[in-house]
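Database features (TrEMBL):
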DOMAIN    31-484  domain 'Amidase'
ACT_SITE  76  active site, charge relay system
ACT_SITE  168  active site, charge relay system
ACT_SITE  192  active site, acyl-ester intermediate
């Protein structure tokens with residue numbers, strides 16, 4: 001049952017084939033079995049079981065709240081949750097228990113979802129590996145998959161070459177990929193939902209900026225942050241989006257347009273579509289395997305009658321630098337609130353208020369966070385403001401215009417890689433510092449955040465090493481439903497294989513019925 005889609009499990013719950021409590025207990029058991037992944041910071045076992053009990057009563061009375069009633073979900077630990085510790089994987093917020101729920105969390109709970117726990121991340125979501133949080137790095141479930149062990153000839157007893165999940169929402173991605181929940185919330189500021197989704201072989205969706213409320217998401221970069229959705233198939237993403245989308249009086253950046261329907265059409269006429277391939281995304285660092293799959297995916301659209309054209313996003317080469325300036329500037333501003341006075345960690349140094357501030361921030365933040373605060377404050381200095389921050393804002397406007405021009409020329413969806421390569425071993429990943437890694441890993445994803453567009457990473461095939469590779473589809477602003485419709489068609493064509501977790505899936509109980517590769521799937525040439 002745990003390997004089924006959200007819609008299938010919802011139907012099984014309604015038909016009485018399984019109860020919310022059974023589902024909840026199975027997920028808790030799996031969370032404990034996969035503790036070595038370090039996907040969860042806090043497991044809210046008692047809360048989830050109580051919610052399951054209430055859900056069960058509703059089902060018995062025939063008063064189900066909807067598709068999510070009784071469905072286990074997980075939430076990244078930078079979303080506020082009433083009565084459950086919210087740490088952002090930082091010493092600064094260890095022990096902080098919010099008095100309210102983030103709007104997205106509340107909307108899930110209002111639909112009867114079961115909150116399994118809070119998932120691991122890079123400290124304050126600053127990173128692309130989920131390796132820099134105070135609770136330790138997250139391990140990619142594919143490290144332990146039959147596919148990877150066989151193709152890479154890894155010794156099952158050798159655990160030193162485990163793979164990263166990507167980040168910063170690596171805990172949420174690992175939780176979904178390892179079947180411990182059916183959907184998870186991530187956050188996406190420069191690719192933090194799409195990057196780990198690609199590395200963990202699941203669907204990672206970043207909605208249009210303003211479609212989903214940010215209230216209760218502890219801010220990193222206010223002008224780019226959006227809650228992200230991680231699921232095992234596009235249809236499940238659409239269901240969750242239907243629940244989360246819509247205006248929130250507590251977030252003035254949300255649009256007042258009516259929320260989009262939860263379901264996406266079963267059929268799509270691909271021959272009417274125009275797919276754009278940005279030529280600037282063909283960078284030398286792109287691995288040959290990803291490049292090959294990207295090309296095959298374009299051919300797949302073309303073979304179905306879609307018009308596939310090369311397009312130009314001329315300011316792409318400036319986007320990483322522009323993103324760095326704007327991101328660190330807003331980070332510096334946002335992190336000023338953590339001063340040891342109102343909440344979170346407070347240093348024992350009491351020489352003066354200034355000394356207490358300084359000691360609190362030194363003890364509470366790691367090197368990565370402090371480094372970004374220093375960068376941001378430098379860009380915001382009076383003598384630098386015009387040359388850095390204001391100039392970056394102007395470049396951002398040009399990057400937005402690049403996307404507008406492409407979509408106005410008739411392109412419906414852009415097709416790009418999500419990441420440069422497949423997931424790499426942790427020991428290899430940490431050879432580079434966080435800033436260098438983030439600049440490399442965000443190359444295909446951060447421009448979308450600056451432009452406020454919807455984007456989704458869809459897993460397409462396994463590499464020669466037996467690891468997932470994802471491709472990204474980018475849509476027009478607020479055309480999230482159209483984007484997911486195309487993504488669903490694409491997902492159906494590629495037929496990505498189901499992860500075979502050794503030891504957990506020997507009985508086959510977690511394998512999807514349609515989990516086999518078909519002749520239509522993309523393969524490595």
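Note that the numbers count up from 1, one per residue, in the order the chain is shown.
Glycine is treated like the rest: Cβ placed from N, Cα and C.
Mapped onto this structure are the features recorded in TrEMBL.
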{"residue": "76", "record": "active site, charge relay system", "Cβ within 10 Å": "32"}
{"residue": "168", "record": "active site, charge relay system", "Cβ within 10 Å": "38"}
{"residue": "192", "record": "active site, acyl-ester intermediate", "Cβ within 10 Å": "39"}
Between residue 192 (active site, acyl-ester intermediate) and residue 168 (active site, charge relay system), the C-alpha gap once rounded to whole angstrom: 5
Task: Measuring Cα to Cα, tell me the gap between residue 76 (active site, charge relay system) and residue 168 (active site, charge relay system) in whole angstrom.
output: 9
- request: Give me the mean pLDDT over the domain 'Amidase' (31-484), rounded to a whole number.
  value: 95
